[in-house]
Amino acid sequence: MRKIYIFDTTLRDGEQSPGVNLNTPEKVEIAHQLERLGVDRIEAGFPAASPGDLAAVHAVAKAVKNASVIGLSRSREQDIDAVREALKGAQDPCLHLFLATSPIHRQYKLRMDKDQVRDTARSAIRYARKYFDKVEFSLEDAGRTELDFIAEMTKMAIEEGAYVVNLPDTVGYLTPYEYGNIFKYVKDNVPGVEKVQLSAHCHDDLGMATANALAAILNGADQVEGTINGIGERAGNTALEEVAMALETRQDFYGAKTSFTLSEIARTSRLVSKLTGMVVPGNKAIVGANAFAHESGIHQDGMLKEKSTYEIMTPETIGLKESKLVMGKHSGRHAFREHLIELGFELDEEAVNRAFTKFKVLADKKKEVTDDDLFALLEERLADTPEFFQLDSLFVSFDSESEPTARVRLSTIDGSVREEQSSGNGAVDSIYNAIDKASQEEVTLSDYSIKAVTQGKDALGEVHVALTQEGITAQGRGVSTDILEASARAYVDSLNRLVEKRKTGRRDNIPMI
Ligand code: KIV
Ligand code: ZN
């Protein structure tokens, strides 16, 4: 069976999704989960973008032991040096260099002719190879590049010692037939092509990212790049869970497999969704809430008689289990700790104690605490951001006849306490106006969403909020049995992330030239 290498770029291309910002502990948390999932390669970020990005890539490089860690770089020496710095101490470091090759990018973005593009890339790979055994070279916008120029650039990359050549459909323009044909052309026309791995990297602008990656595999691609839940620039990237499950379910057709531990898919999807704030649509293939739900009577009847009538994969394969009833308020710390380990959380003693306190508070409010509740609680502040502001108390008054008002008390990192009151055109609005006054930060609310974690009147509510300030966007989340409290917590969390981002100089718009 052919092995297809999986290059996960959730932490780089995925983080380029508008509004997504992962801080360093969150990146490390996701990277650990990607290791559990069994990805071969993890692209951790773009170190030259800012000192904050470099530090985040460095933290991932030090933490990951069972996958290669990759840093992205434009074809410039300063970028390559930033990746060298970031990947110091990595078990299996790799540099990912790119340069655009299509006529449109050559003319308008780079203002270079073909010779200049080839020579710039050649010098960059040559420089990079002095420091890295493993260099991947990407022909950005290969999808709209002349086939003979793709072949010429691939040949050059092989001569300079690249170990992977990536042929991205950067703008998600191609059909599976056309994308597959690029791989076939390169395989048939580039001397020495057997010395490199060919890689597919697709975007989903026309909804064909997974189909295109699979077409590349059929035509000789050795590696697929993508993200968990398909998040990424614009319409996103190839969803890796879809590729892994397509290869698994249709082994008869593809004759290829990945090294995924398939039962980790659901957990990985949930973690990425929570930490990025990008909600997975209910009808999303493999990991959507409805992916294994059967609604119509005819389908339900068929399922009861024989599951294979309407189910081509089982939910258990991707690790979906019934949300178990965990414990109640009388459960002890030891049993709680054992249960967290069973769920896959690796927490130190202090974190277990904090989680246990939260669990006890929840168990007092809620009759039944399930695994889903625990996931929501633990992932809320799994990756701690410095608490520049802390919500000490919240009071809201609401009646249908008059304007709601809210009073909040915030304490700041330097020990001051600020209490403010405000009204608004709804309860949540009044809370947010009061927090704005108390924090003395001028921000714009750019996104707000709320969902129930479990069913029932006492379900936990989970709120995601995005705030923007002078071009910086930060997302936060809050969980509580009370949706107003969850809304306030999410807002304060988002403020803390925004301040952290401002202080560390992390940027949303990385110039890709
Ligand atoms: O889509 C793309 O072309 C990229 C490159 C940087 C590989 O993300
Ligand atoms: Zn991309």
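Any Cβ shown, glycine's included, is placed from N, Cα and C.
Unlike curated entries, TrEMBL annotations are predicted automatically.
Here the structure is a predicted model, which means the values were calculated and not measured.
Asp13 is the only one of Asp13, Asp414, Asp429 that TrEMBL places in the Mn(2+) site (with His201, His203, Asn237).
Cβ neighbours within 10 Å of His201 (Mn(2+) binding site), excluding its own Cβ and spanning all shown chains: 29. Per DSSP, the secondary structure of the region 'Regulatory domain' (390-513) breaks down as 35 helix, 55 strand, 34 coil. Within the model, the domain 'Pyruvate carboxyltransferase' (4-266) carries an average pLDDT of 97. The C-beta environment of Asn237 (Mn(2+) binding site), restricted to residues of the same chain at least 6 apart in sequence and closer than 8 Å, consists of Thr9, Asp13, Gly14, His201, Cys202, His203, Asp204, Ala209, Glu225, Gly226, Thr227, Gly230, Ile231. Mapped onto three states, the DSSP output places Asn237 (Mn(2+) binding site) in strand. Within 10 Å of the C-beta atom of Asp13 (Mn(2+) binding site) sit 24 other C-beta atoms, taking all shown protein chains into account.
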